[in-house]
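Q: According to TrEMBL, the protein has these features:
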type: DOMAIN; residues: 9-156; note: domain 'Phosphotyrosine protein phosphatase I'
type: ACT_SITE; residues: C15; note: active site, nucleophile
type: ACT_SITE; residues: R21; note: active site
type: ACT_SITE; residues: D130; note: active site, proton donor
Amino acid sequence: MRNDRKTRPAILFLCLGNICRSPLAEGAARAAFADAGIDATLDSAGTGDWHVGRPPDARAQAEARRRGADIGDLRARQLTRDDFYRFDLILAADDTNLRDARAIAPADATARLRLMLDLVRGREGDSVADPYYGDEGGFGVTWDDVSAVAAALVTDASASSG
């Protein structure tokens, strides 16, 4: 069943393995929506199945904790065709994730697909960098990016409900 955007936005964050970027985005969005007092359905998934059932990368969890969010209870899952009906908006971390999502999207999908950073003025078309192969500093950069996305989502939800 598709969510009613008028009462509760439903947003899915998408990356490759669902252990770094998309769980950080989900965590940032959960914190931002809670701070704003806005009820939303928020989830994350990956286009690949390598990490299904695993918690987010320890470095991602540490960065989220440093920023006041707890993502330790999240578990990686793979994007499904049903997600295109369950969510109003699917936000991909990069062009590859967006392309992979479009490749499996049903013809009658109701979710809108966009890049995460398309919501941030001046960052349209940019990718959220994958910090997986880098050092811990990359997770801070990723958090900054997804926090900007979360703030834009809250602004949009506030405008839609008011």
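One-based numbering along the chain as shown.
Quick reminder: no glycine exception, Cβ is built from N, Cα and C everywhere.
All TrEMBL annotations are machine predictions without curation.
Note that the coordinates shown come from a computational prediction; the quantities given were computed from them, not determined experimentally.
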Q: Can you name the residues of this chain that are 6 or more positions from R21 (active site) yet have a C-beta less than 8 Å from its C-beta?
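A: In sequence order, the residues whose Cβ lies under 8 Å from that of R21 (active site) (at least 6 apart) are F13, C15, A93, V128, D130, P131, T142, V146.
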Q: Note the mean pLDDT of the domain 'Phosphotyrosine protein phosphatase I' (9-156), expressed as a whole number.
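A: Averaged over the domain 'Phosphotyrosine protein phosphatase I' (9-156), the predicted model reaches a pLDDT of 98.
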Q: Which one of these active-site residues, C15, D130, has the sparsest Cβ neighbourhood, judged by other Cβ atoms within 10 angstroms?
A: D130
Q: DSSP says what for the domain 'Phosphotyrosine protein phosphatase I' (9-156): how many helix, strand, coil residues?
A: 63 helix, 21 strand, 64 coil
